[in-house]
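So the structure is just underneath, and the comments pick up after that.
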Amino acid sequence: MQIIDGKKISQEIKDEVKEEVAQLKAEGKDIALAVIQVGADPASSVYVRNKKRACEYVGIESISYELPEETTQEELMAIVDKCNKDPKINGILVQLPLPKHLDEDEVLLAIDPKKDVDGFHPVSVGNMVIGEKGFLPCTPAGVIQLLKRSGVEIDGKECVVVGRSNIVGKPMAMLLLRENGTVTVCHSHTKDLKEVCKRADILVVAIGKPKFIDDSYVKDGAVVIDVGIHRNENNKLCGDVDYDKVAPKTSAITPVPGGVGPMTIAMLMKNCVESKKLFGE
Ligand SMILES: Nc1nc(=O)c2c([nH]1)NC[C@@H]1CN(c3ccc(C(=O)N[C@@H](CCC(=O)O)C(=O)O)cc3)C=[N+]21
């Protein structure tokens, strides 16, 4: 059984990005990422902290907007607009989820697709589906990199994605399809979830329920990717997969922490460089 080391693989990617950033800098091209956070969702705060560290490491400037919970839609839209117009800013990331009184779709739609380093704008989603160039959403793109760089072949494999969110499940299915996997997407209305999961050569789990998937959902020798991240009462992290039960049955598995999480951030850094190279002045 192989433990897929997301920390190590994300480090490799960050080092590649760091080199590219240095080359661009030598040509006088600096990169900046704007991160807009409204309120203080604790999971988002961890992410923001790790992202700032990654920006420092690779040499990208991060510009933070930490807005109060009571921020209005108009105020938020004005900041997005300002970032769109600022030629110094190459990437814009609005931390999700936004507080309930704000319209997430309207905000994401307002981000200039040329700065959409999260890959959430409908233009980015469309490009991903058609297979054209464009920003790929960081978490699913990170999963593909984990598989490729661990020597897991996707072509022709039976891939099962559990979860159909816009940020993970749906784009994950699309990216696996692009790699010529045979893809099934499961969700809360799926009948016989267990039986479908047991068909998977590659099982990607993104349901948001701690330790939901145990060994009875997994075929012998399958590759299991756990996108979930939860914190229990003792402040210990776990995923959607019951790692201790599932790991012995797999040929490869990602841990939580140290699996998919760090890859999300590495791919964000990669998208920022891509933005500068494609659209920067
Ligand atoms: N617009 C937007 N884009 C996002 O990509 C986005 C977001 N909003 N909102 C919040 C979620 C969550 N997310 C994480 C990414 C990395 C870790 C991460 O680095 N995890 C580490 C350590 C976690 C820890 O130490 O607590 C690990 O799994 O090993 C966690 C969470 C990105 N998100």
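Heads up, the Cβ atoms here are built off N, Cα and C, so glycines get one too.
The NADP(+) binding site annotation in TrEMBL covers Gly163, Arg164, Ser165, Ile229. Residues or ranges marked as domain 'Tetrahydrofolate dehydrogenase/cyclohydrolase catalytic' by TrEMBL: 4-118. According to TrEMBL, the domain 'Tetrahydrofolate dehydrogenase/cyclohydrolase NAD(P)-binding' annotation covers 137-277.
Recorded features from TrEMBL, shown on the structure.
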residue	record	Cβ within 10 Å
Gly163	NADP(+) binding site	23
Arg164	NADP(+) binding site	18
Ser165	NADP(+) binding site	15
Ile229	NADP(+) binding site	20
Over the domain 'Tetrahydrofolate dehydrogenase/cyclohydrolase catalytic' (4-118) the mean pLDDT stands at 96
Taking the residues Gly163, Arg164, Ser165, Ile229, which the record names as binding NADP(+), find the longest CA to CA distance and state it in Å to the nearest whole number.
-> 16
DSSP-assigned states of the domain 'Tetrahydrofolate dehydrogenase/cyclohydrolase catalytic' (4-118) in counts, ordered helix, strand, coil | 61 helix, 18 strand, 36 coil
